[in-house]
Amino acid sequence: MGFLGAGMATAAATEEDTTRLCDLPEACVAYVLALTSPRDACRCAAVSPCFRDAAESDVVWARFLPPDYRAILQLHQAPARSLPLSRSGSTAGAASPSGSSKKEAFLGLTDAAVLVDGGGMAVWLARGSGAKCVALSARRLSLPWEDGEFSWRWTPHRLSRFADVAQLEDYTCLDIYGRLPTAALTPATAYAAYLVFVTTDAHRGLSFPDQETTISVGGSAPSRHTVCLRPDAAEARRFRGGKGTDGVDVRGPALRGDGWWEIEMGRLRTGNEAVAGEEVAVSFEMLGWYHKRGLVVEGVEFRPL
């Protein structure tokens, strides 16, 4: 009995001397959670009360917010009317005021995009990582206007988050260019750029495979990709003298949850620190000189991978 009693006493003493995770100060747990991601912090909140309290703290969520989040909230005009539901979650609710908790501010910027730059650009946060997402409106893109009102027409669109979109009326040349300072994106993050569009019922000349996108950062050589907005092999063969697309790797569009279509223009990775004056440049070009119409461009989005 003496031996058994001594063993039990030793075990009890050992248990008392063991520091459990929930014995740590809340500030320590919060510091650790701040090194993870918004998704991981929310998952950890379900582990125990001590994790829940730490995961709700401003210390954690301040780490997930971009440094300029207050400026974004102060500059906002109105929450965007539409977001890619399949990627960005609900569109309900406006961005939270800057005086609320950091978590509320974060969730506000993920639930609804904020219009900035005079309404020409939309900004929101990726819910899983907290990285900034940016959408350039068609007004912020360079479009071919040589024929004036006979090439493009500005018109409102019920699905668009912006005041108006650009609709191609009838034109032979089609090239779209966009530029965005890399400082507007989250550092050390992989991004993809997407052309966001729909087509009208009277579209023409958008099914040919001789379409190309490019993307470049700073002075780097652009990467090029063959794409097609409206894949239609029969129409392509008819207008191209029976020539097919065998052996050509063509990137096609994807239908989003908000009713828009998108096509990936290319990928990039931002540097660890913002470089003054550095820009990411993207382009979409149709290389054939034939009549085209019925393309409706909402803008270009940059989203983290």
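For all residues, glycine too, the Cβ spot is worked out from N, Cα and C.
TrEMBL annotations: computationally assigned, not manually curated.
Taken from TrEMBL as is:
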- 21-61: domain 'F-box' (DOMAIN)
- 83-102: region 'Disordered' (REGION)
- 86-100: compositional bias 'Low complexity' (COMPBIAS)
Below 8 angstroms Cβ to Cβ, which residues of this chain, lying six or more residues outside the domain 'F-box' (21-61), approach it?
101-103, 105-106, 127-130
How does the domain 'F-box' (21-61) divide up by DSSP, counting helix, then strand, then coil residues?
29 helix, 0 strand, 12 coil
Give the mean pLDDT for the domain 'F-box' (21-61) on the 0 to 100 scale.
75
